[in-house]
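Written below as structure tokens is the structure these notes are about.
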Amino acid sequence: MAFAPRLLLPPRPPLPAPARASARHNGGGGRTAPELSGPTPRVVVVTSGKGGVGKTTTTANLAASLARLGLPVVAVDADAGLRNLDLLLGLENRVNLTAADVLAGDCRLDQALVRHRSLRGLHLLCLSKPRSKLPLAFGSKTLTWVADALRRGADPPAFILIDCPAGVDAGFVTAIAPAEEAVLVTTPDITALRDADRVAGLLECDGIKDIKIIVNRVRPDLVRGEDMMSALDVQEMLGLPLLGVVPEDSEVIRSTNRGMPLVLTDPPTPAGLALEQATWRLVERDAMTAVMVEEQERPKKKGGFFSFFGG
């Protein structure tokens, strides 16, 4: 008998009204929407190198926030073997056709796009179904073709967000091929930072120069006690603009299990607010300055985290 884990989860709560949600994150200055920068559609790959740092969670929340701001977005799950983006968006039971079916000539690209139930501007595209094998011809050029086809469509999106698989193997090469921008997700620990530093170098070698970082799962109490690197430490180590700092938040697990992105919860959570603010910066091609904990005077220690990177 097939095991259905979704039956063990609590029912999904109703999504908040988009108008009410956008009003609570107006980005300051009384504005209700950010100013879109650059030509569209903008193709952005969300990557990390190391698995388990929150890359797919970040992709789901950026996509949901963009759609709620009135910016059409196609979220592409580029992990052919272990896809999870459909679960975080609550669309796992609606993925019937994939990019592999488009490549095989079994359907049109628009038929493989899964529209979100409540966010009309959000569509999901998966590369393949679980436990299915991709055609040998499926590679970086094919995903580039998919992005080009979305550009040339009758109603092109403002953003194409590509959820990159972990690692730097063929799946990584495929995912970054059509991208013009990158969001590099990392946590403030040396294992994740080593991988992020390596991925940043590979992205630059591939011609992607617009790279910004999101530091995830930050605990200010540990930063103050010097038991965790701060966002400023991470930014200095990687030498990249900072798109956002997301605090550790217990609501992430509940959000994941319910298939509802954090940015849609009401009342808002600390992590949801941080991800919404990161979306505004992404739209406007802006960056943030690491503040708060980093502004406090802390004694500098020799060696430690910086010596790991040869600093």
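Any Cβ shown, glycine's included, is placed from N, Cα and C.
No curator has checked TrEMBL annotations; they are predicted automatically.
The region 'Disordered' feature in TrEMBL is assigned to 1-41.
Look at TrEMBL and you will find 8-17 tagged as compositional bias 'Pro residues'.
What TrEMBL lists as domain 'CobQ/CobB/MinD/ParA nucleotide binding' is 44-262.
Neighbour count (other Cβ atoms within 10 Å of the Cβ, all protein chains): 28 for Thr56 (ATP binding site). The annotation ATP binding site is assigned in TrEMBL to Lys50, Gly51, Gly52, Val53, Gly54, Lys55, Thr56, Thr57.
With a 10 A radius on its CB, Gly51 (ATP binding site) counts 13 other CB atoms from all the protein chains. Ranking the binding-site residues Gly52, Gly54 by C-beta neighbours within 10 Å puts Gly54 at the top.
On the 0 to 100 pLDDT scale, the domain 'CobQ/CobB/MinD/ParA nucleotide binding' (44-262) averages 93 in this prediction.
Each residue in Ser48, Thr58, Ala166, Val185, Asn216 lies on the same chain as Lys50, Gly51, Gly52, Val53, Gly54, Lys55, Thr56, Thr57 and has a C-beta within 8 Å of the C-beta centroid of that ATP site, without being one of the site residues.
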